[in-house]
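First up is the structure itself, then whatever we jot down about it.
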């Protein structure tokens, strides 16, 4: 059985020859947006694999003798043979891309060609060799077989006809309807031209690789169809019958494989675009193994081609075209492969199924081979294609990105491939609304403060906040409301009242969130004073005087007047009052009884307040004294003397008598000052002594106390000093306490002495004389290493020394410390004002309040205060550079209003001098400027033109050399300019020449003396006059040029002049 490709080519050749021999094939009526419902058992339909325009599809049907209808549907061409008219009745559908074009043919066909064509058509499958199987047609046209209702059939509207005209471009003439030579299919209006039936199938070659000029018509564009189509000749492969043997040989098969690597063999049915042929000439040739027939356009009236069934050779006439007896190559049929439309899925959906669709369907008892390949995929995709040799490919666990798949379908004589893209998009993000945050949520101000800040920059969102909007909910009307659409709300000129503000933030997705902030502005209230006369007092005679204190009275502004007076019930009592209009009232000469005193205070607003205090004077009540001889003593022999101290004894009225006496002991002692509070005992020996103290008051009441003195004889061990070892202190912490309490002694340590080492820094203060106590307290230490020696001494005079070391390390935040000098006394800067100032600085520097750390506040002068602080960034915490913070703060302060901060800023600078001075000097910590080393100086350009930073970049030696060089160059250049000017002036001074007109001159002399370039002297009156010059610089006597001298000097000139101009003449000054 012959291959289908060869049979189809033979069929196309026959119908081409038949079409050339018979009358013209004409285009009939065209229906747009219409389909047919044929009986697939009796109606033959063939699908053309390539995509053609409508006009080319019609031409292909005209070239096939048994084709009655060209059906162009969705970009594909179908050739239909209609044995029954009702099978090809157009039915209108919706707006689809479908066009039905009927072809008109003569009723009578040549018998010999018809018999041969029927023989070829009836060979093979029952539905015709050129028709596809009904199953393939149903797969390709899924709507066939449906029962279309009558309501779907309607007349065509004007827009359908306009579309039809745009696609087909019909001419203006119309073929008369009802001709006997055509069937009764409707004629297309204006279808005047006919179609040439001299085209068959030819292997298609890609446009970029075609070289054969006879096959160049395959590349012609079909975008502009014309009613008349050009003629061309084609090469058609003829089929071989079973009797002719094998068509393809092994060497031809190898050639086909080599050619298929450059261009895939395709079997296509191409329509002809030719004018109505006048004749068709066909040369008779001998067809051997695989002949190729060349059909040349010619006259169909004189030549009828013979079917290529004869194998007998024949001689060719001069008019016949030679046919190359080459063997027809084996052709590979191109398959139309589609993997479906490009897919787009969105996570979490990560599975997809791909299926390959192939047209035409595989022949009976054969199948196609499928191969799926992944051409491109995201970098993070690690999967592999499994079961990639099936028609359906299942994919799972796809990640985000673009996947490009290629499916290759092949069989023994067919090949095709298709591509499909799978795009996996990330899961849709769920937008979270923003969170509006205001800081602080509640503020309270008291006049005269009338400005406030509310910060909304701490609001957060999962993407981005694009807008802030502030609005006042309630409160007094604000005349000046600024920055309502910025993160920070600045309010000024506030009136007393309660304010509420709403902040609304909007993110990039349009979600909003709101929160409120409250602000309370209080009036400057003048509260009345509060009088405080102090607590009640009780005194006992004979004490009859006391002082009352009213300085605890208070007022929010100032108390201007104090008034003391006797209270109710005490008006007639005797008392001496002093300082009745001062805070302190001195009372004296009081008698037994109760006194009531009233204090009235008046403030600056004349508001008053009163308070009452009671003084009770009790009668005299004597109590016995209390004798205190002191703690018991323990002494070490030998003892020169011992002191007995009874000064701690007490009495309510006073002790008037002291007496010491020796009660018992191992030996007699000598006592001095036995009638005084402090007595001295000598002559003590080893043992225990008891002494008694007796005291008496004025009323004779007495009291006694006993003191024990133990005298021991022991060996004394020296004490052990413990100063505390080594300590490390990190600035700004500059205070420390050295503890020597761990020093020990067998008896008792009686003295401690801390001595600073001579090599230690002198800076640093000792608090409260603690260098003589057990603990040494130090403050105001500076960077360096301090050494202190602790000397301890016991009661026997033995001593010991130990050393303590304090290493003060520099502040790690030194490079970030900024000094802010404010015009305010250090005593007036309260804690509340400091917190407000920190919030204002945070707004200026665009940081949080907690990011600003105040390290030190100290007085700069009586009217100024220095605040030392640093700024740390958000986690991870890092201290910002002081130079950047100072520069940023200075820039922001210059842009804001003068009263933005609570106090006027006098200076902003770094706390330490951080300049490196280019390695040729050091930085002055007071002036914050570089002090250059010897032979170095500042870079004046950088200092005064660029960034203004102090430095020591210039060497004085090089600057001096450069300055000297510049002076020399400047002087040389000046001297050169002076010389050039003098030379130019010298060249300009020339001899002035006077000219006199000479009239008697010939034409040659005039030409010789004529000025160059036609320049005329301003003293001449004629163009051709001759001038005689006189010099003013030679002498005072004029030099006269005469014609006689010229003639004597040059005889030739004289001769020639006399011949041309006549006799010579003399010209001198008298002739002028």
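Note: Cβ is positioned from N, Cα and C throughout, glycine not excepted.
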Of 995-998, 999-1002, 1003-1006, which span is tagged motif 'Endocytosis signal' by Swiss-Prot?
995-998
Quick check on the annotations: Swiss-Prot lists transmembrane segment for one of 935-955, 956-976, 1019-1039. Which range is it?
956-976
Quick test of your reading of Swiss-Prot: among 64-96, 97-129, 130-162, 295-327, where does it put region 'Disordered'?
295-327
If you run through the domain 'MANSC' (21-99) with DSSP, how many residues end up as helix, strand and coil?
15 helix, 30 strand, 34 coil
Take the domain 'PKD 4' (621-714) and average the pLDDT across it for me.
90
Taking helix as H, G and I and strand as E and B in DSSP, count the residues of the domain 'PKD 4' (621-714) in helix, strand and coil.
0 helix, 51 strand, 43 coil
